[in-house]
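A.B. asks: Shown below is the structure under consideration.
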Amino acid sequence: MYPIVRKEILSASVKLFDLKAPLVAAKAKAGQFFILRADEKGERIPLTIADFDREQGTITAIFQEIGAGTRLLGRLEAGDAVLDVVGPLGVPSEIERFDGPVAVVGGGVGIAPIYPIARALKEAGNRVIAIIGARNKELLFWEEKMAAVSDALIVCTDDGSYGRKGFVTDALKDLYEANKDLQRVWAIGPMPMMRAIANTTRPMGVPTIVSMNPLMLDGTGMCGACRVLVGGETKFACVDGPEFDGHLVDFDLALKRLAIYRDEEKRALAALEHHREGGRCGCH
Amino acid sequence: MSLKETIRQPMPCQDPQVRRTNFDEVALGYSEEQAVKEAARCIQCKKPRCREGCPVEVLIPDFIKAVAARDFAGAAVKLKEKNALPAICGRVCPQESQCEEKCILGIKSEPVAIGRLERFVADWEMAQGASATEPAPAKGAKVAVIGAGPAGLTCAAELAKLGYAVTVFEALHTAGGVLMYGIPEFRLPKAIVDKEIANLRQLGVDLQFNVVIGSSVTVEELMNERGYAAVFLGTGAGLPNFMGIPGENLCGVFSANEFLTRTNLMKGFRFPEYGTPVKLGRKVAVLGAGNVAMDAARTAVRLGAEEVTIVYRRSDKEMPARAEEIEHAREEGVQFQLLTNPVEIIGDENGWVKAMKCLRYELGEPDASGRRKPVAIANSEFVMDTDTVIIAIGTGPNPLATKSTAGLELNRRGNIVADEAGRTSIPGVFAGGDIVTGAATVILAMGAGKKAAQAIDAYITTKAAEAAN
């Protein structure tokens, strides 16, 4: 069992766990992910490693309650434990010292995985400009943590309830106008946001790394559920990624593949809601 | 007794119409009477050719002789002398191309049903609640086994019996490897795998799950920092092969690994009680004709697909699956579209599979594998309606452990280079099973695990003797 040593509610639907997982904490690097399974009947849920503490042997996971699996997960409290944690998985971010500023962009829960990348870039001696954004103020988190690992931080909300009003893409365009020597962009968030960022930086010619979060089962290259088309080549996000050249990723396909089990997810969610109301769903 | 007097005892099975709606085991196993009758057919050859056909050289005539004498306990002892997992082998070995192929009775009549007898004895023993073999006195050396599939489990059992302290590291959340995620319940009940694992624990083997070698821990760390005297790599076949044709990433195209893992390991057939869904359309095409393809096709039938078709570019003679699996698949209503190969998978406007463009084939001259080479017939293109495609054309090696181990020699395909005894290019590192041979059978992996255990014992013993001098 892997105990939840701390839980933080970041917003109504976004939760944070610090999980005791010494093997993962010892090896975790920016850009990697892990897989957890809450209990015997649970899904294997891939989550990006948002932070790690090698001494305490803990890793930090931030997740949004979207489907039945993440909702059930969100009900766990500090002191509870999850059944399985495996990792670190995936190829770490390529961190190097660049000859000019770099930008990291985190959208929604994507702020979590962008944080260790920003920190690693900063530690490598880069000038790091961070952009974080969410639909509204309530969904924003880690502003201070991001500020601590970047030279400049731009915060935006779609509805203008906090920071600059507008999308992260608009902020990135302005950033580029002021920093034409921008060397590289990392963008993590919902797939449509990553696609928008890639489309924004393509004409600028700024290399852009995105972190793909497709459906996944084992996370070790065995099932092929996570395949992503990159520059016309099929890649497995779990062992070849999760980071890829954003300008080469086929996002249309990725978005369609993400929706393969949409009907089933709705069914599971409905069954879960029904249970909560004390109804019978006939599912067991 | 003349050979003509007795015919091979048929295997009692669930009725095809019933079993296509459940996941219970299809083959029900011999009764004691049947087993004794079948065992009596064995003529106890002086030079038993059947043993030559067995990758682990099971004492076949000896155990069968004991069955014929109704000494089932004695039969179990003989059987387990060479085979650590007989209940599994009796169910999944391709006997017709191994032991039974060599049986002398097969020349004029039908070979002795060695596999069925093996299963009978193993099941009989399990039903008695038999205890595992006592481990030997401790040797004081630790061995790490990577991967809890057939190769790793066999290697671990052999080493534990020799007195080594064995830790098995497994990346998934449960032991068994392909026995759990790949082979369906209706062919190999998971309770049997669980019992074998329990036996292993009784031998003192420590099983650690959720450890990915190459990322959670490296081989080098195991040997240099954690004090393991030797490491056995049985990481198995990994990445599923795809055909490289257009449309393979459409929604509704799955690797057999994904489809079977969702169903077997994650119990997707009990969704939403279990959280992992499995999705299937009405018309399912399974590409390939090996055991994995049969497993996928028969699973699709059970999940309620209206039409399930095996699509294979050679003819029925070349299908690599066990004869019994092909027969069972046919009985359950699986269709066979042979001498056919897809060239493109066609999607609808939403990115879902709706059809498959195929070519018809004929068989030409034998190729390097000795099988007649399939040749596409000119202008034979046709379109097959299908809304789900499951690709079961084999797997390649998993790169996680091998890439992270400096100095480990790999072949062109990325498989580990190892000799007959499992020795790799690194002293103290051994390997066996699919990671060495490419996708093969459970029994071959077990044979490799067993040989490697002997080589590991020799390696550690020699090294200790050298250190003492």
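Cβ atoms here come from the backbone N, Cα and C positions, even for glycine.
Please treat TrEMBL annotations as automatic predictions, because they have not gone through curation.
From TrEMBL, here are the annotated features:
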type	residues	note
DOMAIN	A:1-95	domain 'FAD-binding FR-type'
BINDING	A:ILE62, A:PHE63, A:GLN64, A:GLY69, A:THR70	FAD binding site
BINDING	A:CYS223, A:CYS226, A:CYS238	[2Fe-2S] cluster binding site
A.B. asks: Averaged across the domain 'FAD-binding FR-type' (A:1-95), what pLDDT does the model get? Just tell me the whole number, please.
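C.D. replies: Value for the domain 'FAD-binding FR-type' (A:1-95), mean pLDDT as a whole number: 94.
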A.B. asks: What three-state secondary structure does DSSP assign to A:GLN64 (FAD binding site)?
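C.D. replies: A:GLN64 (FAD binding site) sits in a strand per DSSP.
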A.B. asks: Could you check the binding-site residues A:ILE62, A:GLY69, A:THR70, A:CYS223, A:CYS226 and tell me which sit with their Cβ under 8 Å of a chain B Cβ?
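C.D. replies: Cβ contacts with B, in sequence order: A:GLY69, A:CYS223.
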A.B. asks: Which numbers of helix, strand and coil residues does DSSP report for the domain 'FAD-binding FR-type' (A:1-95)?
C.D. replies: 13 helix, 44 strand, 38 coil
A.B. asks: Which one is it: of the binding-site residues A:ILE62, A:CYS223, A:CYS226, which Cβ has the fewest other Cβ atoms within 10 Å in this structure?
C.D. replies: A:ILE62
A.B. asks: Round to the nearest Å and give the CA-to-CA distance linking A:GLN64 (FAD binding site) with A:CYS238 ([2Fe-2S] cluster binding site).
C.D. replies: 20
A.B. asks: Cα within 10 Å of A:CYS223 ([2Fe-2S] cluster binding site) is the criterion; apply it to the binding-site residues A:ILE62, A:PHE63, A:GLY69, A:THR70 and give the hits in sequence order.
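C.D. replies: Neighbours among binding-site residues: none.
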A.B. asks: Can you grab the distance from A:CYS226 ([2Fe-2S] cluster binding site) over to A:ILE62 (FAD binding site)? Cα atoms, rounded to a whole Å.
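C.D. replies: Given the Cα positions, A:CYS226 ([2Fe-2S] cluster binding site) is 21 Å from A:ILE62 (FAD binding site).
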A.B. asks: Neighbours of the FAD site A:ILE62, A:PHE63, A:GLN64, A:GLY69, A:THR70: Cβ within 8 Å of the Cβ centroid, same chain, sequence order.
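C.D. replies: Leaving out the recorded residues gives A:VAL14, A:LYS15, A:ILE45, A:LEU47, A:GLU65, A:ILE66, A:LEU73, A:GLY74, A:VAL109.
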A.B. asks: Around the Cβ of A:GLY69 (FAD binding site), how many other Cβ atoms lie within 10 Å? Please give the count over every shown protein chain.
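C.D. replies: The answer is 24.
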A.B. asks: List the residues of the same chain that sit at least 6 positions away from A:PHE63 (FAD binding site) in sequence and have their Cβ under 8 Å from its Cβ, in sequence order, or write 'none'.
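C.D. replies: Listed in sequence order: A:VAL14, A:LYS15, A:PHE17, A:ILE45, A:LEU47, A:THR70, A:LEU73, A:GLY74, A:VAL109.
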A.B. asks: Around the [2Fe-2S] cluster site recorded as A:CYS223, A:CYS226, A:CYS238, what other same-chain residues have a C-beta within 8 angstroms of the site's C-beta center?
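C.D. replies: Close Cβ neighbours, site residues excluded: A:PRO214, A:LEU215, A:MET216, A:LEU217, A:ASP218, A:GLY219, A:THR220, A:GLY221, A:MET222, A:GLY224, A:ALA225, A:ARG227, A:PHE236, A:ALA237, A:VAL239.
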A.B. asks: If H, G and I count as helix, E and B as strand, and all else as coil, what does DSSP give for A:CYS226 ([2Fe-2S] cluster binding site)?
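C.D. replies: The three-state answer is coil.
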A.B. asks: Relative to the Cβ of A:CYS238 ([2Fe-2S] cluster binding site), which residues of the same chain, six or more apart in sequence, are found under 8 Å away?
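C.D. replies: A:CYS238 ([2Fe-2S] cluster binding site) has long-range Cβ partners A:PRO46, A:LEU89, A:GLY90, A:MET216, A:ASP218, A:GLY219, A:THR220, A:GLY221, A:CYS226.
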A.B. asks: Among all the protein chains here, how many other CB atoms are within 10 A of the CB of A:GLN64 (FAD binding site)?
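C.D. replies: I get 17 for this one.
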A.B. asks: With every protein chain in view, what's the tally of Cβ atoms within 10 Å of the Cβ of A:THR70 (FAD binding site), excluding that atom itself?
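C.D. replies: Neighbour count, Cβ to Cβ under the 10 Å cut-off: 17.
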